[in-house]
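**Q** As annotated in TrEMBL:
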DOMAIN    74-665  domain 'Major facilitator superfamily (MFS) profile'
DOMAIN    473-530  domain 'Kazal-like'
REGION    323-342  region 'Disordered'
TRANSMEM  116-137  transmembrane segment
TRANSMEM  144-165  transmembrane segment
TRANSMEM  205-223  transmembrane segment
TRANSMEM  244-272  transmembrane segment
TRANSMEM  292-316  transmembrane segment
TRANSMEM  368-387  transmembrane segment
TRANSMEM  407-429  transmembrane segment
TRANSMEM  548-565  transmembrane segment
TRANSMEM  639-661  transmembrane segment
């Protein structure tokens with residue numbers, strides 16, 4: 001689902017903020033797979049104008065006669081570099097979400113704080129995107145792209161710094177070593193309060209601001225990358241190749257987050273302190289609930305990737321020769337009149353900011369535009385929350401490891417979402433849909449998404465029985481009352497009575513058996529199990545319903561696939577239902593609302609909902625840390641229930657859109673001159689197919 005969100009972000013390319021042209025076309029690869037080629041040209045020069053052709057020819061002639069060939073004066077090289085840069089930038093975003101629950105466990109964060117951390121990169125992006133719209137055509141775009149990439153590189157490095165500032169990761173067995181081989185067992189006296197490592201606790205709480213700063217800088221660094229890159233390509237690519245180039249960039253916005261999750265799946269299999277400990281000193285494995293993977297390693301890898309992909313932008317020129325294309329020359333007689341001078345280009349920054357609210361209100365006054373944008377906001381909020389916490393949900397609900405959960409998201413959910421985007425656009429192309437047809441396609445897709453999402457509410461596990469925690473919460477049972485158990489002890493064991501205990505101490509265990517590597521294999525003489533004669537094995541008892549994981553993953557993939565169908569049709573509706581002079585601004589307002597109403601509050605809202613299902617919070621030095629146990633039924637119903645609420649909100653908006661369109665008589669609601677100018681590319685190229693096309 002993160003792929004959907006990544007593709008949505010690529011839409012804000014308004015470097016010349018008040019004029020837009022759009023091309024939607026499709027090509028087939030060698031395997032005849034349709035690929036969505038989505039081109040937004042915000043204020044780019046009209047390509048077929050006679051004056052522009054003369055300028056382009058003169059630039060090409062001058063370049064060939066007076067300059068040596070340079071790879072940095074080729075738009076194809078720029079496309080290659082920008083594809084790699086977008087891949088690196090979005091890889092960081094995907095990796096951050098894949099490691100969010102690991103960071104939460106390592107530094108004792110609540111899910112709400114994790115949600116704030118995940119959303120914080122949108123703060124800088126939201127504030128600065130308006131200024132990017134204003135300055136886009138006034139600056140050296142490649143250098144600003146390179147500068148933003150270098151800032152993102154430094155931010156990614158900063159995200160890894162807390163690991164090196166913090167001490168070694170400690171868990172229950174590590175902070176109770178004063179008793180030697182009987183560590184963590186039942187004792188007659190309470191351990192000294194000196195075992196609370198206050199200094200390390202303070203360091204962990206200081207880490208959170210550093211992580212927030214890193215996320216903020218990541219968002220700021222990403223601001224110029226997509227808008228400037230897409231507009232630069234659109235300005236200097238030929239009409240024939242421009243959709244192909246921009247389609248490649250759109251593919252990168254989908255592939256990047258998926259690779260980030262897959263990268264997280266591999267790197268989180270390494271222990272967090274593998275650089276500080278030898279292999280023999282690592283006593284945990286991935287299935288242990290206390291396991292923390294090397295979350296910081298991926299940020300170092302991504303930072304190196306960002307640095308390498310940022311360097312070429314220092315050598316690209318501010319302007320480059322226009323790429324020659326056969327279609328451009330052949331269509332020279334079929335030209336559009338040169339556009340009128342854009343008055344907004346002459347505005348000062350203050351005048352631009354003053355005009356912003358007025359034009360925003362005018363844009364939002366269109367009922368169809370407003371309803372479609374609100375539907376997209378609902379879906380963006382859904383994607384932002386699920387993309388952040390779905391790995392954690394799979395981990396807790398089905399007792400899976402974090403690497404496995406990340407692989408399910410990055411290897412199944414996101415590729416299916418990309419496929420949905422492609423096929424949704426292919427349907428638009430195949431049936432030559434108008435605004436009315438697009439609204440029907442969106443409505444049907446969202447309705448099917450709702451049908452596939454509802455069963456997920458009932459596919460999951462019930463909370464396992466945990467002594468002193470669930471189903472009845474109580475403290476200090478008689479069997480372990482004299483054991484002096486630490487309040488922050490967390491080393492789950494599964495008793496022979498199939499009941500889980502927070503630690504061997506809470507089960508009243510007096511002895512343990514060790515293997516050759518000095519790892520416990522069994523706890524014996526447990527007072528609270530079978531009247532003192534029971535035993536327990538290390539690890540959780542689990543939820544006992546792993547057989548339900550496959551049906552859940554299948555439904556999750558189907559839901560991701562179906563909801564992605566709405567992306568291209570909804571963009572078509574946005575572009576075709578506002579006046580031509582406001583199209584660029586309309587897209588800008590759309591993505592501003594995405595950030596303010598979805599990407600910023602979405603993860604925080606989901607995190608807060610998850611926190612309400614916690615039944616046992618961790619504790620360190622008297623301060624609350626991350627949640628240790630959740631009520632799994634409440635977790636599933638509230639987490640996925642919130643998803644269903646957003647799907648219903650989107651469905652309602654699309655239904656209202658259909659009602660408004662029907663009352664206005666189908667396509668007659670389009671502004672004057674809009675329909676002819678914003679038809680699907682290729683409509684005139686295949687008139688023989690019009691009889692079989694579906695026109696609404």
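Even glycines carry a Cβ here, placed using N, Cα and C.
Unlike curated entries, TrEMBL annotations are predicted automatically.
Walk me through the surroundings of each of these features.
**A** Summarised by DSSP class, the composition of the domain 'Kazal-like' (473-530) is 4 helix, 18 strand, 36 coil.
Here the transmembrane segment (205-223) has long-range neighbours at 89, 92-93, 96, 103, 107, 109, 113, 116-118, 120-125, 128-129, 132, 148-156, 158-159, 161-162, 165-166, 623, meaning same-chain residues at least 6 beyond its ends whose C-beta is under 8 angstroms from one of its own.
Distant neighbours of the transmembrane segment (548-565): 1, 3-4, 379, 382, 390, 394, 397-398, 400, 408, 412-414, 416-421, 423-424, 427, 441-442, 445-446, 448-449, 452-453, 455-456, 459-461, 647; these residues of the same chain sit at least 6 beyond its ends, with a Cβ under 8 Å from one of its Cβ atoms.
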**Q** Checking distant contacts: for the transmembrane segment (639-661), what same-chain residues at least six beyond its ends satisfy Cβ-Cβ under 8 A?
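**A** Those are 367-368, 371-372, 374-376, 378-379, 381-382, 385-386, 389, 393, 435-436, 439-440, 442-443, 446-447, 449-450, 453-454, 456-457, 563, 566, 573, 605-606, 609-610, 613, 669, in sequence order.
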